[in-house]
Structures are given as structure tokens and as C-alpha cells.
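Peer 1: Below: one structure in C-alpha cells.
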Amino acid sequence: MPAQSFRSLAAGISRSPTTGIGANVGIWLLLYLACNLALTLHNKYLLNDFPFPWLLTALHALFAALGSWICAWQGVFEPAPLNHPTTPLLALFSVLYSANIAASNASLQLVSIATHQVIRAATPLFVIGFAWVGQFRFNATRWELNRVVNVETPSKQQTGCLGITTAKMKSLTPVILGVVFATYGDYSYTRAGLALTLLGTALAALKTMLASRVVQARTQTPYTPHGRTSNPVSPRPIYSGQIHARRGSIKRAVDQGYLSVDGPSGSNSLPVSAPPLHPLDVLLRLSPLACVQCLTMAFLTGETSRWLVNMKSTSPKWHALALNGAMAFLLNYVSFVTSRRAGPLSMTVAANVKQVLTILLALMVFNTSTPSATHLVGISLTLGGGLWYGYLEVKEKSEATAKELDEKALV
């Protein structure tokens, strides 16, 4: 495919937030759900002949790195400089990514699958809890910065990190309870297994929130794009207009929650808005780190040696592995785009819906067993709650967009 047509195709997929497919949060959530479901079922099919989960995850990261590099080479996006403020967050994200998989695999050996799935279904509650803690710390920082720069605290009350309404909270109840009923079975566990499962669920919630932060936030920092530096030798005097401008910039940074009290400051330095990373740029930076970590874990757990022995007796399905890697790259891209538009809580709700759909499709495709009435009730509850939540999410996004357009029209 010519480079120009390749760029045109990618541009059509990554439209602006106010036009086309990019404006519809519901479509992106459905696309994420479809990609996630397809990859999960393909993983189940592939792991029967390729029982090496760490190596398979490393393959996913490798294809994500190759795919994002090809997109950068074709001019689909321009990689940000390495000194971008979110680069340290990506290193933390890669650690959470690997630690989440490790905790999940370890806990599955100590608890039953039903127990594991029920606790994992509570991921939205962990997201809400972490968001509440983050909002509490943010309000304390906001008050301190307002006191330092003599900015009056706005009377408008903050709605919280995620803007969770009462209706959304109600819709989470059938989503979580449905997974409990859909996975009803042998709830056996050990104390260590229960602790590991809870740890894995907390890590999954943190990973989802950090992913949304990386692709969403416009970081207010003394950020220097493309290596440009300011001249510290000849400082200019600061006039009253510049002081008011600085206070205004700090106030905007505080209002948006991007300014850190620990950030560097100087007499003439103003916060500069660093744009959020492109989702493909996130994959370009994150995937090599995740690939190295997963390969290290594969070596430490003995997967590498078992795979080498297995290759001598059975020829690997290279075409199936390549297809699986390509599907993983597509899912990773769609996941980051959806996280930017929908937020972390919506991602965890979609994950719960995917979980019960996986159970339903596995029963239909693999003919594992006949579902009981309890399982069917659970599947119906989660699907109904997911549709309810999705309707509320799309409605709120549409109302917010309409309100923003009305405010711009008045100005």
C-alpha cells in the first residue's frame, strides 16, 4: 500500500474528537469490546497448542512495537521527544502491566476460577476507590497552591476524578452481580491466593487508570519540545502583566489538575502545556519495555526452555501466532483510543461485559457444558447493566459536548 493511502486510511480512523467515528464513545466501546472478545477467544484456541502465556504476551508486545514503529515510519503520527513528561509514567505502566499478569497467573494456582473471576469483577469498585483517594489528595494540593499564589478557590464544586453520577453507580450493581452469578461454582481459596487475587485486581485498576492518564492528560510543566531550551543567561524583568499572566496559567493548571507542587519553578518560568501522547506513540514507547519484562519472566518461569523442547516435537503454528499478534496490536490501539474518550471506569465495565460474553461464546463454540439458570441470569444482568451504563455514558458525553459548543457560540 502506498504511503499516502496508508496515511489517509489512518487519518480516517483517528479523526478529531468532534467528527465522525471519533465523536461516538459508544462505537469505540463496542469496537473495544469486539476486539477484546475476539482476541480472548483466539488466545484460548491458541493456548491449547501453545501453552506459554508469558511468551504469548511478549509476542503481543513485540507486534505492538513493530506496528507502532511502521505507523511512525509511514507518517501516521509524529513521535514526541523523549523528554515528554509522561515518559516516566510509561515505565511505571509497563511494570504494572507485567505485575498484573504475574499476580493473576500466581493467584489462579491458589484459588478457583470462580473465585478469581468474582473478585476481578470488582475492578470498577477499585477504580472508584483509587479515584476518591486521588481526588482527596488533589483537593489538598489545590488548596495549598491557591494559598501560595493568592488565587481564590472557585465556589463551583468538583464532581470528582471520574464525574460519577448516581445513575452510573446504580448501573454498576447489575454489572458486578451478574458476573458473580455467571461464574457461580466452586468458591474455594487460600488466604495467600485471596490476597494475591485482590492485589491483582488493584493492579488492574491502577493500570487502567494510568493508561487513561497517559493518553488524556495535558501536562502543565516546564516542558521543552524537540530539544529547544530557554536562555538562562539574560533574564528579563517581570512586569505586573506578566505576573497576572503567570497567576492565570497556574490557576488554569490547578483547575485542570495537572500542576504538581513538586514541579520545578523559577522566576521567569511559566507552565507549558505538553500535549497528550498519540495512542500509537504510547505503544511505541511502552511495548519494548513490556516485551523485555515478559521475556525475562518467561525465562525465569522456565517457559523458554519448555518452548524449545516443544519445538523439536511439534512445529509451531506461525500463521496463527502472527494473526494473534496482529489482533493484539489492533486491540492495544483501540484500547488506548477508547480509554482517552471513555475513561477508566468505562473500560472496567466493558471488561466485565466481555467476561460474561466470553463465557457465553465459549459455551456455544467450545461446547464445554450446559449453562444453568443461575449462569443465564448472571449473563443477562451483566449485559443489561452494561447497556444501561453505556447509555448513560454516551448521554453524558453528548450533553457535555453540546454544552461546550453552546459556550463557545456565546463567546
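Backbone N, Cα and C define each Cβ position, glycine as well.
From TrEMBL, here are the annotated features:
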TRANSMEM  20-42  transmembrane segment
TRANSMEM  54-77  transmembrane segment
TRANSMEM  89-111  transmembrane segment
TRANSMEM  118-138  transmembrane segment
TRANSMEM  192-210  transmembrane segment
TRANSMEM  320-338  transmembrane segment
TRANSMEM  372-392  transmembrane segment
Peer 1: Restricting to the same chain and to residues at least six past its boundaries, which positions have a Cβ under 8 Å from a Cβ of the transmembrane segment (118-138)?
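Peer 2: Sequence-distant neighbours of the transmembrane segment (118-138): 158, 160-162, 164, 172, 175-176, 179-180, 183, 187, 194, 197-198, 200-202, 204-206, 208-209, 257, 344-345, 348-349, 351-352, 355.
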Peer 1: Please tell me whether the transmembrane segment (320-338) and the transmembrane segment (89-111) touch - that is, whether there are at least 3 C-beta pairs under 8 Å between them, with each pair 6 or more apart in sequence.
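Peer 2: When sequence-distant Cβ pairs are counted, the transmembrane segment (89-111) does not touch the transmembrane segment (320-338), since fewer than 3 lie under 8 Å.
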Peer 1: Who are the chain neighbours of the transmembrane segment (192-210) in space, where the CB to CB distance is under 8 Å and they lie at least 6 residues beyond its ends?
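Peer 2: For the transmembrane segment (192-210), the sequence-distant neighbours (Cβ-Cβ under 8 Å, at least 6 residues beyond its ends) are 89, 92-93, 96-97, 99-100, 103-104, 106-107, 109-111, 115-116, 119-120, 122-123, 126-127, 129-131, 339, 344, 347-348.
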